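Database features (TrEMBL):
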type	residues	note
DOMAIN	4-298	domain 'Carbohydrate kinase PfkB'
BINDING	ASN12, VAL13, ASP14, GLY40, LYS41, GLY42, SER43, ASN44, GLU141, ASP255	substrate binding site
BINDING	ASN186, THR222, VAL223, GLY224, SER225, LYS226, GLY227, GLY254, ASP255, ASN280	ATP binding site
BINDING	ASP249, THR251, THR286, ARG289, GLY291, SER295	K(+) binding site
ACT_SITE	ASP255	active site, proton acceptor
Amino acid sequence: MTNRVTVIGSLNVDTILEIPRLPKPGETLAMHNQSFAGGGKGSNQGIAAGRAGADTHFIGKIGDDTNGQFMINSMKDSGINVDQVTVTKDAKTGQAFILLDDEGQNSILVYGGANQKLNVDDVKNAEATIANSDFIITQFETPMDVAEAAFKTAKANDVVTILNPAPARQAIPASLLAVSDLVVPNETESQTLTGIEITDEASMVKAANKMHDMGAKCVIITVGSKGAFYHTVSGDTGFVDAFKVKAVDTTAAGDTFIGALSSQLNKDMSNLTDAIRFANRASSITVQRMGAHPSIPTLAEIEAAEAAAK
Ligand code: RIB
């Protein structure tokens with residue numbers, strides 16, 4: 001059965017600046033290349049879910065500009081329903097500037113713009129879309145009160161909520177975590193959220209238990225090229241190794257993981273490890289390509305990579 005996934009979050013046009021290394025203060029440095037691509041944590045997760053086979057709806061906000069139209073077209077090209085993406089005249093479409101160095105490390109500067117204008121009324125207008133979903137996903141590139149309103153609507157309609165607490169934020173309302181079924185941070189975000197330093201599996205168990213105390217039924221901590229650690233409130237836990245590949249650009253790897261996961265997961269999370277393995281496979285493809293939207297794989301590509309590895 002096809003999962004119905006709603007993503008509420010950011011849409012950014014990414015400017016990718018390929019540089020040898022980060023410039024020092026006062027230094028002028030030549031770039032190797034620059035390019036543009038669709039991005040934003042929310043839209044990346046939506047594209048990942050849609051390309052991996054989920055029936056995907058997106059709730060977000062763009063500016064009244066060509067970047068906004070570019071983002072709408074990129075989402076539509078991947079079959080994402082954008083009926084709940086609205087236009088504001090009060091801010092420009094979100095943008096991100098990605099500094100990608102020769103080591104494949106990235107540093108990102110984000111202009112929130114229209115993403116920050118998404119509001120609780122937008123959630124009310126999208127109530128039917130949310131209620132008609134199996135999963136709803138959000139992150140922190142749009143306002144937290146919007147995330148909370150969306151998750152409350154979801155919980156009232158038996159929709160499973162997935163929170164990606166990214167970018168890392170210290171002050172996350174307890175009331176938001178209380179309505180988050182699955183929380184998916186990376187190591188840094190986990191640390192910021194719980195105050196527990198991630199050094200080994202024991203520290204991940206500790207952090208996960210703290211997130212369970214906050215309300216999460218299930219926690220997945222993504223650990224970059226190593227893989228993903230999972231821990232459920234009933235104590236089911238383990239580590240699913242990542243696939244070894246040569247990364248050229250890790251932008252959107254975590255977003256691909258979350259979107260792809262939501263396309264496969266059962267609502268009762270009974271196939272958690274299989275869904276994590278699928279998500280690891282999807283993000284292993286993303287890191288081998290440049291940019292956010294252009295790098296996110298389709299179901300056919302994920303299945304082909306899986307078959308080739310057998
Ligand atoms: O997670 C990657 C994304 O973060 C990029 O696409 C960029 O837009 C930033 O929001």
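Cβ from N, Cα, C; glycine included.
Annotations in TrEMBL come from automatic prediction, not curation.
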Annotated binding-site residues GLY227, ASP249, SER295, filtered by Cβ under 6 Å to ligand 1: none
Top Cα neighbour of SER225 (ATP binding site) in the set of binding-site residues LYS41, ASP249, GLY291, SER295: ASP249
Substrate site shell beyond ASN12, VAL13, ASP14, GLY40, LYS41, GLY42, SER43, ASN44, GLU141, ASP255, criterion: Cβ within 8 Å of Cβ centroid: GLY9, SER10, LEU11, GLY38, GLY39, GLY94, ALA96, ALA252, ALA292
Candidate with the highest Cβ count within 10 Å, taken from the binding-site residues ASP14, GLU141, ASP249, ASP255: ASP255
Among SER43, THR251, the one of these binding-site residues whose Cβ has the fewest neighbouring Cβ atoms within 10 Å: THR251
Cα-Cα distance, maximum over ASN186, THR222, VAL223, GLY224, SER225, LYS226, GLY227, GLY254, ASP255, ASN280, record's ATP binders, Å: 16
Cβ packing number for THR286 (K(+) binding site), 10 Å threshold: 27
From binding-site residues VAL223, GLY227, THR286, ARG289, the one whose Cα lies nearest LYS41 (substrate binding site): THR286
Distance from ASP255 (ATP binding site) back to SER295 (K(+) binding site), taken between C-alpha atoms, in Å: 11
DSSP-derived structure type at LYS41 (substrate binding site), helix or strand or else coil: helix
